[in-house]
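Visitor: This is the structure I have questions about; it appears just below.
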Amino acid sequence: MTPAEGALRVDFVTGAVAHRLRFGGGRGQDLAKAMGLRAGKTPKIVDATAGLGRDSFLLASLGAEVTMIERSDVMHGLLQDGMARARQEGGVFGEILSRMTLLHGDAKVLLPDLDAEAILIDPMHPPRKNSALVKRELRQVREIVGTDEDCEALMQVALRHARQRVVLKWPAKAAPMPGIKPCSHQILGKSTRYDVFMCSIGCEGPAV
Ligand SMILES: C[S@@+](CC[C@H](N)C(=O)[O-])C[C@H]1O[C@@H](n2cnc3c(N)ncnc32)[C@H](O)[C@@H]1O
């Protein structure tokens with residue numbers, strides 16, 4: 001593998017993301033269901049942990065307006081670059097990118113002003129024991145951003161400011177995030193779990 005081939009980049013136009021765009025399961029996918037997308041209902045979403053932008057791209061491809069927040073300078077630069085290339089590609093990519101907005105900063109600071117209906121939180125989790133199973137890209141992101149030690153504080157801010165729901169993307173077998181009230185329901189995948197906190201019943205509440 002040449003260095004260029006191995007370098008981390010945001011790529012919406014080829015590879016895994018484009019494949020999922022063509023062959024994914026539409027609004028029946030776990031992420032879409034967790035965020036509340038269904039026939040006739042498309043919430044305005046804030047992805048508070050944009051990373052490589054994959055979740056945001058998927059949600060935008062299903063019709064959602066997505067505001068992405070990324071605090072790492074490096075990841076933000078990679079996202080800007082990948083988004084510019086996708087816009088240049090035009091067609092369906094240009095159309096999807098027209099629904100994606102990227103902000104640079106800490107979501108704990110920016111979320112209160114965004115009037116989000118649904119907020120997605122996908123923090124960098126502590127490394128799994130079997131690190132050989134962790135994909136190369138995830139290892140590369142971790143080398144850049146480390147572990148998001150303040151994810152509990154981010155959840156607390158999100159729970160105070162989402163109008164409809166907060167969704168925490170978390171390893172399937174991990175214990176619930178400490179210090180956060182129990183979720184309303186979970187959507188369980190093979191390796192990933194979505195803990196959904198509905199706000200119509202009061203997002204804020206005593207931590208447990
Ligand atoms: C696991 S990655 C997210 C992957 C993303 N869901 C995707 O589909 O590519 C976590 C990202 O969230 C960012 N992040 C974590 N906490 C943040 C915060 N408080 N504000 C902004 N960005 C944050 C990290 O810098 C990292 O890039």
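Placed from the backbone N, Cα and C atoms, the Cβ positions cover glycine too.
Curation plays no part in TrEMBL annotations; they are all automatic predictions.
Here the structure is a predicted model, which means the values were calculated and not measured.
Under the heading S-adenosyl-L-methionine binding site, TrEMBL lists Arg54, Asp55, Glu70, Arg71, Asp122.
Please situate the listed features within the shown structure.
Guide: Contacts of Arg71 (S-adenosyl-L-methionine binding site) defined by a Cβ separation under 8 A and a same-chain sequence distance of 6+ are given as His104, Gly105, Asp106, Ala107, in order along the sequence. Annotation note: Arg71 (S-adenosyl-L-methionine binding site) sits in a coil segment as assigned by DSSP.
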Visitor: Comparing the binding-site residues Asp55, Glu70, Asp122, which residue's C-beta has the most other C-beta atoms within 10 angstroms in this structure?
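Guide: Counting Cβ neighbours within 10 Å, the top one is Glu70.
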Visitor: Cβ distance under 8 Å to Arg54 (S-adenosyl-L-methionine binding site), same chain, sequence separation 6 or more: which residues?
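Guide: In sequence order, Ala16, Val17 meet the Cβ cut-off.
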